[in-house]
Amino acid sequence: MMYSFIARNKINTFLILFVFILACGGFGLLAGRFLGMSFFLFILLLAAGYACVQYFFSGRLAVLMSGARKISRNDNPRLWNTVENLSITTGLPMPEVYIVDDPAPNAFATGRDPKHAKVAATSGLLEILDDSELEGVMAHEMGHVKNYDIRVSTIVFGLVSAVGLISDMVLRALIWGDNRREGNSAFSFVIVLFFSLLAPIAAMLVQLAVSREREYLADATGALTTRYPAALASALAKLEGNARPLQRQSSSMAHLWISNPMPRGFFRKLFSTHPPTEERIRRLKEMGNQF
């Protein structure tokens, strides 16, 4: 059942991305009518370049924004040995290990592929979790590495950036351009205006949906690695019970953390990069019945 859950999650992500890419293509062709194809292609290249920068430098940016410090085995043998054992178990290269000096319990993984992976845990996380729970959390993070989630999120980020840029340019063209002279009907004008306003919101919602699916997948991958889903479920319950905002908050890297680091509230719930903790725990308990 656990393998089928992992496969189903990957299929869900693929379907979301497939439909999103088709929608982006349709919106792009529609926008090209108003912007001109040469300008449209320029925007696509600009968005792709922006995504590439994010892809290659995402690890360094995450470390800088979080204030994480790189450690060796002697600095924190407990965390280091946990990650090392998981690296051996999964067959992945040993990632760089970091600690974020922050009382808020949390952890994240970043890096464009397993060879450039970085994993980090906050000091608050290390204080409240026992060894099996810590292993469960770090197995979740190694799951992100194994599933190439940074690559997936970069693809989505590039598409969202392209949609945002195209939408902005189309709106400017509609407001300031003389589209009637180009033979565009009033109906076409309204349709393009509608999609230009709606597209960025829809793109953001797709990005959030993909992020939530990858969290479920990392949970399942981590549980399969340790063969002890209850440990991760217990850790998530502790993280929820001891949740507090990080001292160095950044909404741009909120999706990287195992627990949503943003302050609680209506908008956090509405635009969350993470699925509900209760549902994650329920699924992990269901997986636990398989062992």
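Quick reminder: no glycine exception, Cβ is built from N, Cα and C everywhere.
For Glu141 (active site), the Cβ neighbour count at a 10 Å cut-off comes to 27, with all displayed protein chains included. Glu141 (active site) carries a helical DSSP state (H, G or I). What Swiss-Prot records for Glu141 is active site, and it gives sequence analysis as the kind of evidence.
The Cβ neighbour count for His140 (Zn(2+) binding site), using a 10 Å radius over every protein chain in view, is 28. Sequence annotations record features per position, and here Swiss-Prot assigns Zn(2+) binding site to His140, His144, Glu215.
According to Swiss-Prot, the transmembrane segment annotation covers 11-31 (among others). Counting residues 6+ beyond its ends, the transmembrane segment (11-31) has Cβ neighbours under 8 Å at 40, 44, 152, 155-156, 159, 162-163, 166-167, 169-170, 191-192, 195-196, 199, 202-203, 206, 209-210, 213-214, 217 in the same chain.
Look at Swiss-Prot and you will find 34-54 (among others) tagged as transmembrane segment, backed by sequence analysis.
The transmembrane segment annotation in Swiss-Prot covers 155-175 (among others) and rests on sequence analysis.
According to Swiss-Prot, the transmembrane segment annotation covers 186-206 (among others).
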Non-site residues, in chain order, whose CB comes within 8 A of the mean position of the CB atoms of His140, His144, Glu215 at Zn(2+): Ala109, Glu141, Gly143, Asp149, Arg214, Leu217, Ala218, Asp219, Thr221, Gly222, Ile258
Chain-internal residues near His144 (Zn(2+) binding site), provided their CB is under 8 angstroms and they sit 6+ positions away: Ala109, Ile150, Arg214, Ala218
Rounded to the nearest Å - Cα separation of Glu141 (active site) and Glu215 (Zn(2+) binding site): 10
Spatial neighbours of Glu215 (Zn(2+) binding site) that are distant in sequence (at least 6 apart) but have CB under 8 A: Ile258, Thr273, His274, Pro275, Arg280
